[in-house]
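S.K.: Take this structure, written in structure tokens, and hold onto it; I'll ask about it next.
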Amino acid sequence: MVFRKPPDGGWGWVIVVVSFFTQFLCYGSPLAVGVLYLEWLDAFGEGKGKTAWVGSLANGIGLLASPVCSICVSSFGARPVAIFSGFMVAGGLMMSSFAPNIYFLYISYGIVVGLGCGLLYTATVTITCHYFDKRRGLALGLISTGSSVGLFIYAALQRELIDLYGLDGCLLIVGALSLNILACGSLMRPLESSDSPPPEKTCVDKVPDQYFVYHEKEKTVEENISILEKGYVDEKCANNMPDYKQDSILNKNVLSSINVNEKDISYKKKVVEQTNFCKQLAKRKWQLYLNYWEETVVLFKNRVFSALFVAILLFDIGGFPPSLLMEDVARSANINEDDYHMPLISIIGIMTAVGKLTLGILADFKWVNTLYLYVTTLLMTGVALFAIPFAKSYLTLAMLSGILGFLTGNWSIFPYVTTKTVGIEKLTHAYGILMFFAGLGNSLGPPIVGWFYDWTQEYDTAFYFSGFCVLLGGFLLLLAALPCWNACTNHSSKLPPNTYSYKVASSA
């Protein structure tokens with residue numbers, strides 16, 4: 001498939017709109033799972049750590065499978081993947097309404113819904129990056145606000161639906177709403193070149209070795225036929241039978257023998273051709289796997305990329321639990337429900353939308369170094385997590401929720417940082433690897449915090465641990481990006497296209 005230069009507009013804005021609503025519909029319930037978390041605690045009577053696995057899987061499994069999601073989008077395109085994933089998300093939510101125990105939810109809500117969300121996230125980010133270059137930061141910021149607006153609306157919507165129809169009715173209605181993803185996915189038209197369509201590949205281009213194998217086998221057939229004819233002539237001369245009838249019978253027998261041999265040779269030739277075709281196909285597939293791992297090794301030789309995967313892992317271990325557990329933190333602090341003016345999860349959601357949009361716009365300014373901007377958000381998130389144990393009122397928890405939500409908006413500039421680090425050519429590959437570690441952090445973070453609570457019967461130790469993880473990731477990434485490393489390295493080797501060295505004076 002041949003791609004045009006990113007138009008930075010046109011149909012790209014339609015892609016932004018449908019990607020926004022896709023993330024709104026698929027991530028609304030999983031991100032606002034904190035409301036469902038309280039209901040599941042009461043319904044199944046399991047521990048906080050065990051119950052937290054449902055929400056952590058829903059938000060982490062899609063990221064864990066990011067390499068597979070990237071391969072699916074690269075192989076089939078964003079539109080087919082989005083439509084298929086819409087069925088997964090809707091079906092998983094509806095199945096969850098019939099869950100008899102917490103283990104059923106692990107599969108229906110955690111794995112099925114989570115994997116569908118991961119496929120949709122990869123599809124929306126990839127196709128948006130194809131349509132935008134100069135305005136990529138703004139475009140990514142706009143589509144990523146869809147999940148945050150979904151969190152804000154679904155937190156209140158799910159609570160209202162639970163009051164009206166119960167937990168089961170809530171999941172059925174939310175699952176039905178998710179079917180609108182199919183309409184959004186159908187509008188994700190790929191960016192193909194209409195002026196110069198790619199030439200169709202011939203059979204020789206697709207499998208060049210098969211062409212040579214065929215002629216080698218054809219030559220072998222001709223040699224075999226000549227050998228048979230030679231054998232017939234020698235046999236006739238040796239016998240030298242003068243009788244006309246015997247000579248006629250011999251001719252018929254030899255001709256029939258040649259015809260039978262030709263059929264056998266033709267059959268064997270087809271078998272050999274098919275066998276060689278399968279061998280060549282297997283070799284090509286194996287070569288693709290080898291190339292994938294070689295490119296992965298090259299990526300990890302990049303110092304900034306290696307620090308980036310550690311930072312995203314630690315950030316998601318520590319930074320994701322508040323969006324899932326903040327409602328239970330308030331209930332554990334014995335805050336009166338009459339003081340609630342707005343659910344804390346809704347505050348996180350709306351401020352995350354503001355943060356994604358604001359940080360996405362900042363990333364498009366040439367004087368802003370996006371890597372240092374991302375590091376700043378990590379360090380500030382760590383400080384905010386350390387402050388949660390000291391919040392004993394709804395007002396302070398609401399303020400911290402807003403701060404954490406705004407800083408979590410750094411997700412909008414993460415694809416931008418990845419693109420600038422490895423280049424647009426390696427974006428799908430690198431982003432899939434990074435999202436795998438992000439999913440690992442998302443999956444482990446809430447259960448770890450829940451286990452800390454089950455062990456100590458309070459959240460203080462858990463959030464100290466979370467803050468330490470995020471601060472550690474931020475400091476490691478800052479250390480890898482320091483300009484002193486550039487002075488120590490040999491500048492004789494040129495950087496790959498679409499990448500840049502992270503210097504203090506460099507532009508984003």
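First residue shown is number 1, and so on along the chain.
Quick reminder: no glycine exception, Cβ is built from N, Cα and C everywhere.
Below are the features listed in TrEMBL for this protein:
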| type | residues | note |
| --- | --- | --- |
| TRANSMEM | 12-40 | transmembrane segment |
| TRANSMEM | 52-73 | transmembrane segment |
| TRANSMEM | 80-98 | transmembrane segment |
| TRANSMEM | 104-125 | transmembrane segment |
| TRANSMEM | 137-156 | transmembrane segment |
| TRANSMEM | 162-183 | transmembrane segment |
| TRANSMEM | 304-320 | transmembrane segment |
| TRANSMEM | 340-359 | transmembrane segment |
| TRANSMEM | 371-391 | transmembrane segment |
| TRANSMEM | 397-418 | transmembrane segment |
| TRANSMEM | 430-453 | transmembrane segment |
| TRANSMEM | 465-485 | transmembrane segment |
S.K.: Take the transmembrane segment (104-125) and find every residue of the same chain, 6 or more past its ends, with a Cβ under 8 Å from one of its Cβ atoms.
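M.R.: 19, 22-23, 26-27, 29-30, 40, 53-66, 69-70, 72-73, 78, 81-82, 84-89, 91-93, 95-96, 98, 140, 143, 181, 185, 188, 415, 431-432, 435, 439.
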S.K.: State the residues, same chain only, that lie 6 or more residues beyond the ends of the transmembrane segment (137-156) and have a CB under 8 A from a CB inside it; answer 'none' if no residue qualifies.
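M.R.: Residues 12, 16, 19-29, 31-32, 34-35, 124-125, 128-129, 131, 174, 323, 343, 345-346, 348-353, 355-364, 370, 405, 409, 411-413, 415-416.
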S.K.: Tell me whether the transmembrane segment (397-418) sits in contact with the transmembrane segment (304-320), defined here as at least 3 Cβ pairs under 8 Å among residues 6 or more apart in sequence.
M.R.: yes
S.K.: Give residue numbers and ranges for long-range contacts of the transmembrane segment (430-453): same chain, 6 or more residues beyond its ends, CB-CB under 8 A.
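M.R.: Distal contacts: 47-53, 55-57, 59-71, 118, 121-122, 125, 296, 299, 305, 308-310, 312-321, 324-325, 332, 414-415, 418, 421-422, 459, 461-463, 465-466.
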S.K.: Looking only at the recorded stretches 304-320, 340-359, 465-485, which one has the largest tally of CB-CB distances under 8 Å to the transmembrane segment (12-40)?
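M.R.: Counting Cβ pairs under 8 Å, the winner is 340-359.
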S.K.: For the transmembrane segment (465-485), what are the same-chain contacts with Cβ under 8 Å, counting residues 6+ beyond its ends?
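M.R.: Same-chain contacts beyond the flanks: 303-304, 306-308, 310-315, 317-319, 321, 371-372, 374-375, 378-379, 381-386, 445, 448-449, 452, 502-504.
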S.K.: In terms of Cβ proximity under 8 Å, which residues at least six beyond the ends of the transmembrane segment (340-359) contact it?
M.R.: 31-32, 34-35, 141-142, 144-145, 147-153, 155-156, 159, 322-323, 326-327, 330, 373, 377, 394, 397-398, 401-413
S.K.: Does the transmembrane segment (304-320) come near the transmembrane segment (80-98), with 3+ Cβ pairs under 8 Å (pairs 6 or more apart)?
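M.R.: Contact between the transmembrane segment (304-320) and the transmembrane segment (80-98): absent.
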S.K.: Mind checking which residues reach the transmembrane segment (371-391)? Cβ under 8 Å, same chain, six or more beyond either end.
M.R.: 304, 311, 315, 318-319, 322, 329, 333, 359, 362-363, 397, 399-400, 403-404, 407-410, 413-414, 417, 420-421, 459-460, 463-464, 466-471, 473-475, 477-478, 481, 502, 508
